Each structure stands twice: as C-alpha cells, then as structure tokens.
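Asks: Okay, handing you the structure first.
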Amino acid sequence: MNRLQLYFRLIRLHKPIGILLLLWPTLWALWMASDGKPDWTLVAIFTLGTVLMRSAGCAVNDYADRDFDKHVQRTVDRPITSGKIKPYEALLVALVLTLLAFALIWPLNTLTKQLSIAAVIIAATYPYFKRFFAIPQAYLGIAFGFGIPMGFAAVQNTVPAAAWWLLVANVFWSVAYDTEYAMVDREDDLKLGMKTSAITFGRYDVAIIMFCYAMTLGIIGIVGWQFGLRIWFVAGLLLAAVCAAYHYTLIRSRERAGCFAAFNHNNWLGGAIFGGVALDYLLR
C-alpha cells in the first residue's frame, strides 16, 4: 500500500458514512435557513467543508486513540496503530485539512467564521472525552451537528433558536447511531476502561436508542412545522421513523453485525429527513 493510500485510510475516505452523517444535518439547516432556495455556492462550500473536517477529525481521533486501537479488534489495522504512519503525520494531515476548510469559508460572514473556530475546538477535543465522559456520543452530536448553526449563520447572519433546537435533535440522533456503533466494540472498550454510551446505558441500551430516535424526529418535526413545512416533510419523517423501527430489528439481539448494519443504515434516515424538507419546499 503506497503512502497516498495510507493517508486515504487515515482520513476514512473509503468509509463515506461519517461524511454523510455530518452532511445531512448541514443540508437540513441550509434549506430551512434559505426557505428552500439555498445559494448553490454555499451548498458546495459546506459540502466540501464537511468532507475536509470529517477527514481531519478522523486523523485527530486516530492520533488520540493510537495506544488504544491496537487492543480493539475493529481498529487494530488502522495506519497509526499498525505503525504505517507516524503520529506526527496524522497531526500534519489534520492541520492541512483544517486550514483548507477554513479557506473555504473565508469569504463568508464573520459570525460563520467565529462559529467555525468553535467547531474545530469541539472536533479536536472529542476523542479525549471518551476517557472520562460517560456519554461521549452526546459531545459527538455537537461536533457532527455544528454545521447547523454555521449554515444558518452563513445564510441569515444570525443563529435563531430553531437552529439550536435542530442541534439538540442532532445530539439525540448522534447518541442513537453512535451507541449502535459503540455496541460493536463494547467488550473491547470495557477491557480498556473507555467510556461509551453503550457501556453507560447497559441493559437499557436498545430502549434508550429508540427513545433518542423518537426525540430526534419529534424535535425536527416541531422545528419543521414552525418553518411551514407540511405534507412532504411529514412523509420524510414517517420514512425516517420506518428506518428507526428497522434499526430496532437489527440491534435488539445486540449482535455485532446487526449493530454495525444499523449504524450504517442511518444514512438513509438522515437522507429521508432531507428529502422531506427539500421536496416540501420544491413542491409548494
């Protein structure tokens, strides 16, 4: 494997699910903030920025977890922990990607740039929250959802209360899907003393995941209704609810394969919500 391929693996370009989980909430925000008529330049900036910042986050995460990944079956072959990439290289990659992302938003208003600094700090500190915070997935939800206030800021030069409520909804969604992800590694994380929601929730994990899905859809539903979204939006939410119900069938036995499949399937849940939002605006 050549150097470029190793860097691609470091930043998970071969696993786009993480990009999509960041992108969908950002697109919800851009469409709602612009009344369904987003500036396509903004859409391009935020889409590329999502790819860059998710990639930078992966590099920072692998740097932070390099001494733990070697003890986890799923992560033992990651480039840093396997010795194929030096730790300092990962930090350099993260720095370059972050600077590129910041260059993208440089033409935007001051508020968006200020929020981007907060977003970088949150993304960079997330890997360390797993050492002491009982539910780091909630912090991840803030990191993965910070495109929401940034999107509103870029369009409206302000961040209304609705944007923060969408961020809260994204936190619930993140706790749901990343708990599914954490259930895959639960036994390894217990041995390492790592903190995850899958460990914290214990035997109530499945019930709490479903509660978080319900809160996600409920909050988004209320926010969307306030924005005047109606039939197609509701249809999108119902389709997302069907996705969540399907996840229950995958995770109720707590088998690794099913939990991982449910995590990956969240792309469809986020896409269903966006489809409902976009169609409702388009077909008015």
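Placed from the backbone N, Cα and C atoms, the Cβ positions cover glycine too.
Below are the features listed in Swiss-Prot for this protein:
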- 16-36: transmembrane segment (TRANSMEM)
- 40-60: transmembrane segment (TRANSMEM)
- 91-111: transmembrane segment (TRANSMEM)
- 132-152: transmembrane segment (TRANSMEM)
- 157-177: transmembrane segment (TRANSMEM)
- 207-227: transmembrane segment (TRANSMEM)
- 231-251: transmembrane segment (TRANSMEM)
- 259-279: transmembrane segment (TRANSMEM)
Asks: Is it the case that the transmembrane segment (259-279) and the transmembrane segment (132-152) have 3 or more CB pairs under 8 Å, with pairs at least 6 apart in sequence?
Replies: no
Asks: Who are the chain neighbours of the transmembrane segment (91-111) in space, where the CB to CB distance is under 8 Å and they lie at least 6 residues beyond its ends?
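Replies: 7, 10-11, 42, 45, 48-49, 52-53, 55-57, 59-60, 63, 120, 124, 150, 153-154, 157-159.
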Asks: Counting only residues 6 or more past its boundaries, what in the same chain has a CB within less than 8 Å of a CB in the transmembrane segment (16-36)?
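Replies: Cβ under 8 Å, 6 or more out: 42-43, 46-47, 50-51, 53-54, 58, 144-145, 147-152, 154-156, 162-163, 166, 170, 173-174, 177, 220, 223-224, 227, 229, 263-264, 266-267, 270-271, 273-274, 277-278, 280-282, 284.
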Asks: Which residues of the chain, 6 or more past the ends of the transmembrane segment (132-152), have a CB below 8 A from one of its CBs?
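Replies: Same-chain residues near the transmembrane segment (132-152) but 6 or more away: 21-23, 25-26, 28-30, 32-33, 42, 46, 49-50, 57, 105, 112, 115-116, 118-119, 122-123, 126, 158-160, 162-164, 166-167, 170-175, 178-179, 182, 195-197, 200.
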